[in-house]
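Take a look at the structure set out below.
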Amino acid sequence: MKGFIFDLDGVIVDTAKYHFLAWKKLATQIGVGFTIEDNERLKGVSRARSLDIILELGDITATDEQKQQWMTQKNEEYLGYVSRMGTEEVLPGVLPALHFLRENGGKIALGSASKNARLILEKTGIMPLFDAVVDGNDVSAAKPDPEVFVLAAAQIGVPQGDCTVFEDSVAGIEAANSAGMVSVGIGEAETLKDADHVFPGFAAVAPETLLSLSVKH
Ligand code: G16
Ligand code: MG
């Protein structure tokens, strides 16, 4: 049996635009210039690390208590956007791929850094398509540590070497590679150069192809 582990943001949905708007609001409030280019550094990275990057950009130091308050504030803003999400936000080609892989005996798991992953799966109506969900609430080490994918493989009962990971971030590809899984980059080949395979999106690949991808030699 094969396992297929999906990252959430940048693979299933484009929530990066909502993370950006929410971080931008906080950054402006605390006087940090934060651009859409800076936002690239936040992809696949935990909430706490994201705040640290923004504080570094503005050369700001803060107490743990202040950081907690800013993270809560940003998350409340972000959840405002998430509350308006629906099935239409699932990226092109993702639903056919999920259905095809399930119908052909694949086990499906989510492997995301987000603590809001379950809520987003509910809002977009795709929770029933997952056999396991591992997210930012379940792991202690963030990507590029492979913990999130190792846990996901264990939860679907598939050996790590029989799992394929779909990821849009460099850290996530590194995590999949160190777990001995087939790494599939969703995005630009130039950025995701360590991935075994790269596709611009699920709409660009036939679902049948996903079943037989192997580790690059
Ligand atoms: C996602 C995003 C990151 C975000 C992280 C934590 O990870 O790519 O930008 O910082 O989740 O999100 P939250 O604040 O909702 O816990 P992934 O792994 O799904 O790409
Ligand atoms: Mg991602």
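Glycine is treated like the rest: Cβ placed from N, Cα and C.
Straight from TrEMBL, the features:
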- Asp7: active site, nucleophile (ACT_SITE)
- 7-9, Trp23, 42-47, Ser50, Lys74, 112-116, Lys143: substrate binding site (BINDING)
- Asp7, Asp9, Glu167, Asp168: Mg(2+) binding site (BINDING)
- Asp9: active site, proton donor/acceptor (ACT_SITE)
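In the three-state DSSP assignment, the secondary structure recorded for Arg47 (substrate binding site) is helix. In this structure, the recorded positions that sit close to ligand 1, with a C-beta under 6 angstroms from any of its atoms, are Asp7, Asp9, Arg47, chosen from Asp7, Asp9, Trp23, Arg47, Glu167. Under 6 Å, Cβ to nearest atom of ligand 2: this is the test, and of the recorded positions Asp7, Asp9, Trp23, Arg47 it is passed by Asp7, Asp9. Here the candidates are the recorded positions Asp7, Asp9, Asp168, and by Cα distance the one nearest Ser112 (substrate binding site) turns out to be Asp7. Asp168 (Mg(2+) binding site) is 17 Å away from Arg47 (substrate binding site) when you measure Cα to Cα. In the three-state DSSP scheme, Glu167 (Mg(2+) binding site) is classed as strand. Within its own chain, Asp9 (Mg(2+) binding site) has Thr15, Ala16, His19, Lys43, Gly44, Ser112, Ala113, Ser114, Asp168 as residues 6 or more apart in sequence whose C-beta sits under 8 angstroms from its own.
Looking only at the binding-site residues Trp23, Lys115, Glu167, the one with its C-alpha closest to Asp7 (active site, nucleophile) is Glu167. Ranking the binding-site residues Arg47, Lys115 by the number of CB atoms within 10 A of their own CB puts Arg47 at the top.
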